[in-house]
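What follows is one structure encoded as structure tokens, with my remarks underneath.
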Amino acid sequence: MPFPILRTPLVVLSEIISLLEPNEIVTASFCSNNVNRLLKSHYQRRKPVEWKLFLVDSGGYSITIKTSKSRIEVISAKNVSELYTYPKPMLLKTNGYITKCYGSYVYLYFEDRVMGKKMVVDYATNLFNLDVYGLKIDCHSIWAIDWINERQEKMLAGVEFTWNFGDRVADKEFDHVLR
Amino acid sequence: MSSTEQGTSSAAPAEPTTAPESAAAPEVPESFYYVHGKDKVVHKVSAGALQHSALIHGMISNLGYTEEQAKANPFPFENIDGDILQMVVDWCNQHKGKPTPPEDTNLPKQKEKLFDLVLAVNYLEIKELLTYCCKQVAMMVKGKSPEEIREIWMIPTDAEDEAAEKEAKKRAGKEAAGETAAAAGDAK
């Protein structure tokens, strides 16, 4: 049975939003521009200060949010080549990316991998009115440290570096990470 | 007003002498108040059960009714359907004088009534019941895709929103033009 959520009073709407998990918030934000604006304004008024936003790049690239209860993956960026066409997905073509929801969170498929990574960071930080708290990256995403430190006032609280077998990271790059 | 008077729910008899909390204070007889919804059916509810509603509790504190006065002047809630008010009264009776558990299994099961129930509970300012109802609404979209959420929560698409906005603008324009014409007519 449908529930006309947008016809509920603002106080009820805020209560419902506060009961949703971060991944459900992100998924709901893709329903319409109106809902996206509504969620953003909710978090402008009530910043979820107890949530910590992490950017994780190990194999896949995703944004996770650590709440008081758990750590939840909320959105992921992937290359369009990784998009399986069978079974036929319900696609929503938007500007430069394709949205698909598998299981409990949304995947965005991009032609340009770096643009995709930047876009999901922008999307999640704008939606939740949060800065990136920490990074978990491999040698291919060292650029993200400077990029994130430039786009937010707060410094990153931590960077976890994952070493993949076969990676040959120059000393210079390691120095950069350690600095 | 209908003279039909409904007692409190069978799950929690309203007799003050049998209520467990009255055992703690047997000297004080429990007072009862009366409410009715759109259908004018009067529900008799104990003051203890009505404590859940901040709105009604405030009204009771301000009015200082005697039992006779309360019976003669039921609180009217014309904006609440009778069956919805009955659900709310039942819930208040079931949770009378008890700490509300974090999960409530006594919530009304009729999903189609949930929207009206949420509005009524919000109006009556019953915080715990509102939280339970909101939890049910939040649970509806667990594991759902944006398309499914749009359907469950009746969210219009961007195209539908744009069309509605255009329509509203058009209507506002027409109304403004009508008012201008009427004002010009009056001036003549």
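Even glycines carry a Cβ here, placed using N, Cα and C.
Curation plays no part in TrEMBL annotations; they are all automatic predictions.
From the options B:73-101, B:160-188, the stretch TrEMBL describes as region 'Disordered' is B:160-188. Taking DSSP states H, G and I as helix and E and B as strand, the domain 'SKP1 component dimerisation' (B:127-170) has 33 helix, 0 strand, 11 coil.
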